[in-house]
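Lifted from TrEMBL, the feature list:
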type	residues	note
BINDING	493, 494, 495, 496, 497, 498, 499, 500	ATP binding site
COMPBIAS	1-13	compositional bias 'Basic residues'
COMPBIAS	817-827	compositional bias 'Polar residues'
DOMAIN	475-667	domain 'FtsK'
REGION	1-26	region 'Disordered'
REGION	256-332	region 'Disordered'
REGION	725-745	region 'Disordered'
REGION	806-827	region 'Disordered'
TRANSMEM	44-62	transmembrane segment
TRANSMEM	82-101	transmembrane segment
TRANSMEM	113-131	transmembrane segment
TRANSMEM	143-162	transmembrane segment
TRANSMEM	169-189	transmembrane segment
């Protein structure tokens, strides 16, 4: 009995030993818990490489007390690499830097190609250093210690020269150096050449500015030879129903036969603008007729005086002829520019930023405060998840069974007090989940870099024609929208909330991914500071419009272009631009049509100037232009009901609201409160066309330097022959619009006023100016009972005919020649 009892004791005594052995054997299975991560291993190895590089640099630079190991190391490096010993710390530093900052690149690990590329660059430089003194070092080895490319460079050159000669060895060294650069930095040869051209162009412009020489800015368009043209097949013109084709041809021939000068023409070509070259009347087919040169005086200078005074009706006919000729001048260079391949900017053009992260301990502390605060008000709930975004951290709160959501939302101010948060937003419930989201601002708002969003896998995987990276949501996920599906976007927010940066990020993202063959812009910037930087890029249909009276005309052009495209679609049986472009790739008789994005930076100013016309044109484009590839982006800093009207909201289902001052403004934009609780600095609520509720997004940030680099990249892509031929013809839109008479621009009335309207209104306007001896748009608006835009058109027509002078601020224009106006009116 005792034996039986003792046996179990012995067995029980052995059992712990066996268990201990098993535990000892099982210890290796938990080693991964203390094993270093791959990122940490890589960074430790990178630090070691950088340390060796700095140590080598120290030994080779300072000849002081180096110690035994330092002296032997320096001697070995000098004998092996010669003068190229300074390249050893550089190569080690590059390898270490690539390993440390590898997360900034597309791959998360240092590949063998990077190491091989660095080694190839090092060997190439050693051979190039050894090449000039190769013969001397070979005949006098005593001179070779610490000189040239060292033993490594001499050995490699000896092998290559014996096989392919000195010339072949030199070419081989240069080739493997170039290949090594491509492998080290993961760059293609095209990217390397583009970078060289970009930086050399920038240095050239900087040098010209330093010596005071004028810098030629890249022009928009210029005349091209006839062989670059391709005729367009468009529907029959229907813009002027009261004038037949036969009568129109007779007028053109009659006008062409007369040598008539309506306005003085300077020797320097006129500045291209929206109203003479850049925006043709889409209802008429382009003409290829040569334009007769201006009459030349006997002394060889251009004639500055008119030879004949025409009647107002004849003025309209002559202006129509001139508009048609200038219209062809716009189409021809644009058509020529589309017949070339355009490179796209690369990601290194954009900046990279380091994102800040909130610690796990801080998250746990805030979650504890939330649960305790709710429990003090007898609301049972627990935090089940915490998602950190760039600006806020969202705590997913799961209430207990029987707890009403309004009990949690009513405690919003109490939670903000307990958390010491400047503002707090509750999303109840989170769409698609059975939790309540409590969004608390982070201690520091992280910057969402455009480079990180565009270079992400989510952006590449997103399908869309006009992809826009909006930013990151409260969970840190990338938010990407497609402008082609929106199809129009309304952006509103108070001053300083990030509205302008959002517009710039949208433009830059489109410029990074689309060539001028695929996308065109019409930009309206009444403030003359936000979008004026984009002048002279090939994507612009016209220089940035800064004068408010010209905006209506540009919108009318967009409407006419929409109608023209619909006629082309109807003739070919196409439903939208996408199906038309698919057919155009296979059929050479179809002219490609780019997407057109109309961006208006400040809608409030336009609604104050001409509310009825602006609202009508915007609504018509918003309702019908989607299928033709024309999209609108409206921005305003005054989201009131008289600016963002009900009709505009109904046609803009996709909206972005930045921080506003009141809940009323938030309801005007989104039809729901919430924007008044945003933090500013890019914090937005994005309401998608297919979403039931708005989501919170931290917008992408684009610096002024990034904008300038991308714009400069596209300016340098314009062919040099255009830059030289049209360099004196291109300037900023501000200068062109400030002095329209000096540049002899065709006024908007020549493009958008019909002949019968000119016959009826122009004599009355001349008579009013003659009677009152002053001219202003407001006076014509009151006296003739017309809209402001039409009154402004008449004022420009009077200025073009030399009846009134240029604008002088808010004062009335000076009447230059009242007798001339009376004669024209009587005729």
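Any Cβ shown, glycine's included, is placed from N, Cα and C.
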Per Cβ pairs under 8 Å, the stretch of 44-62, 113-131, 169-189 packing most closely against the transmembrane segment (82-101): 44-62
493, 494, 495, 496, 497, 498, 499, 500 excluded, remaining Cβ within 8 Å of their centroid (ATP): 637, 658, 659, 680
Protein Cβ atoms within 10 Å of residue 496 (ATP binding site), excluding its own: 12
Neighbour count (Cβ, 10 Å) for residue 493 (ATP binding site): 28
Average model confidence [pLDDT] within the domain 'FtsK' (475-667): 90
Count of other CB atoms lying within 10 Å of the CB belonging to residue 498 (ATP binding site): 26
Structural state of residue 494 (ATP binding site), classified by DSSP into three states: coil
Sparsest Cβ surroundings (other CB atoms within 10 Å) among the binding-site residues 494, 495, 499: 495
Which of 497, 500, the listed binding-site residues, has fewest other Cβ atoms within 10 Å: 500
